[in-house]
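Participant: Once you've had a glance at the structure underneath, I'll fire off some questions.
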Amino acid sequence: MGSCDEKQYGVTKPISRAGPTVADMQRNKELEKFLVESGLYESDEEAAKRVEVLHRLGQVLKSWVKMLTRRKGYTDQMVEDANAVIFTFGSYRLGVHGPGADLDTLCIGPSYVNREEDFFFALHDILANMEEITELQPIPDAHVPVMKFKFDGISIDLLYASISCLVVRDDLDISDVTILQNIDEPTVRSLNGCRVADQILKLVPNAENFRTTLRCLKFWAKRRGVYSNVTGFLGGVNLALLVARVCQLYPNAGPSMLVSRFFRVYTQWRWPNPVMLCPIEENELGFSIWDPRKNPRDRTHHMPIITPAYPCMNSSYNVSTSTLRVMMEQFQYGNKICGEIELNKAQWTALFEPYAFFESYKNYLQVDLVAADVDDLRAWKGWVESRLRQLTLMIERDTSGKLQCHPYPYEYMDISRQCAHSAFFMGLQRKPGEVVQEGQQFDIRGTVDEFRHSVNMYMFWKPGMDIYVSHVRRRQIPSYVFPEGYKRSRQSRPSGQQDNPHKSSQEDEISGTEQCERNFKRKYFDKAGVKQEVVVKKQFSVPLDSLARSILSQGSSGLSFDMHNSGQDVMERTKSPESDTECAPNSSVVTSLTSDGGCEDVGSTQMAVSVEDNKGVDGMISGRFDDTACGIHSVPIVKNEDARGNEALQNELQQQMEVLAFNSVLLLYPFLNRFPYYH
């Protein structure tokens, strides 16, 4: 236990100042060995190449600014002094990047070099004519405008910020808040990537322990399918802030204990209480900060993770009800495995078992993208992927949250096709515990049409770019999504993904051999014993233009899931009169649920976010936190088999939440009085 005058990190006192035990140190060695063997560290040669590429890019940017200075008619002395400075941020700046990772960079230039014309046109033309530059993709309309490209094979995301000075010094201090004077909001967002990374490293007790823990948890999040800020999950900054907060709560812990405590803390965190590394700073510069008192939109955030640099923002505003539910399930899974590791009942490999997404649901939405060539597809895919989160929100909105979505943040492509193609998938299930009346339907045809319309507003649209949304059953998932090219047996599902207790024992699974029979009839029997025949169309082993005709040209046709009392399900495709037309623009989905069935989550761990129906925990502390900043008033407590100090740590965490609530109320008290929901 440290002395009472030890430095405090964060907005509350630490939960524990205990250092690693002998067993912890052994687990640290095993964890670091696992990370190395998993290939998470780049080689010395690749590290040297990144440094070289950064230097060469810096020279290009300096020459570009000098050229513009001369072109704009400035003096020879100004041309000589003209300068641009390049900074890094993201995983590279934090020291947790791996082989092949993107290099996040920021160019800071003088006030007379602007983003709209000078960066996205003049610099773009310079880069386009360089042999070592490939896959150049400007995205000027992004929330943070960016130019993406590869420089000698190294993937680079380049931002630009024009600050209010005529000459940019090489020793520019980007952490100085005066750098934000007289600039616009997009420029502030561009600068804050670097400023946040620097603040994170200053606010953690031990940078090396932080890096190892973050590297581990990034790998875990990717393996479990919850690493994608644009889809509504955790991005690099979000995860770094969550890890940094755990480092503050356990300042002397080693990486293995920090990984374990990460899951313990966030399975018990009472969202939407904000995660903060330091108090929210206000400044006379007047930029908007995260403040539910003044900003109505901030009141709707589900998982606030606040950046530590002014202006403090919620880095996880993309999180939705559905993606928070999925993340909470995965935190619970990680907490369970870490408990087993601490009891020597499991190895680190168990924590990183890939999530069996295509074995976890009965029903999916498949989003197919096509374009004339790979370059067009890259641009089209980037735009659509940035909008997929909106489809999740629309479905939540139009079904009053009764139809839950699980967007999977990975793309798939069928290399056997002759055209540029990419596909995304989204799992669908009825909200657990929802009472469904006989014949009730979730008709999301209008939702899909609205989404397609918004996507087709792409300002850089080109002929050949198209999107198709269709419903597929688990048995119809195309083989190209599986690494081995065939569907795995349900028995191989990772531990921690339990069968749905409502699943009928009569539910049959398609084997790898059966899947090859694309045209086949399956016979089902409803409760009354009436035999029905269903023909599943051949649709995935054909060229994409035929795919579009066979699946997606159905116009306003109905695709329905009928869940019968026996637990069996029937899928019917009702062909519309327009089905003979080629690539009709609208596909549709109707979800039909009966009281005993539903779009149940098959094979995934059943855990509801709400404390009233939390099947994933064994214990619960009920009660109200007075003046709490946010509105969930009971804390689920996970009972590990490891009794070593666990109960005491849970009590400590509860006290931390109470202190956080007390501190938060100083900021939010007027807001709480006006909005009783948050009491």
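Backbone N, Cα and C atoms are what each Cβ position is placed from, and that goes for glycine too.
Dumping what TrEMBL says about this protein:
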COMPBIAS  557-568  compositional bias 'Polar residues'
COMPBIAS  584-595  compositional bias 'Polar residues'
DOMAIN    10-204  domain 'Poly(A) polymerase nucleotidyltransferase'
DOMAIN    209-353  domain 'Poly(A) polymerase central'
DOMAIN    357-414  domain 'Poly(A) polymerase RNA-binding'
DOMAIN    418-490  domain 'Poly(A) polymerase RNA-binding'
REGION    483-514  region 'Disordered'
REGION    557-598  region 'Disordered'
Participant: Tally the residues of the domain 'Poly(A) polymerase RNA-binding' (357-414) by DSSP class, grouping H, G and I as helix, E and B as strand, and everything else as coil.
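Facilitator: The breakdown for the domain 'Poly(A) polymerase RNA-binding' (357-414) reads 28 helix, 16 strand, 14 coil.
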Participant: Tell me the residue counts in helix, strand and coil for the domain 'Poly(A) polymerase central' (209-353), as DSSP assigns them.
Facilitator: 74 helix, 6 strand, 65 coil
Participant: Using DSSP, how many residues in the domain 'Poly(A) polymerase RNA-binding' (418-490) fall into helix, strand and coil?
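Facilitator: Computed counts for the domain 'Poly(A) polymerase RNA-binding' (418-490) are 18 helix, 23 strand, 32 coil.
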Participant: Could you tell me the mean pLDDT over the domain 'Poly(A) polymerase central' (209-353), as a whole number?
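Facilitator: The predicted confidence over the domain 'Poly(A) polymerase central' (209-353), as a mean pLDDT, is 95.
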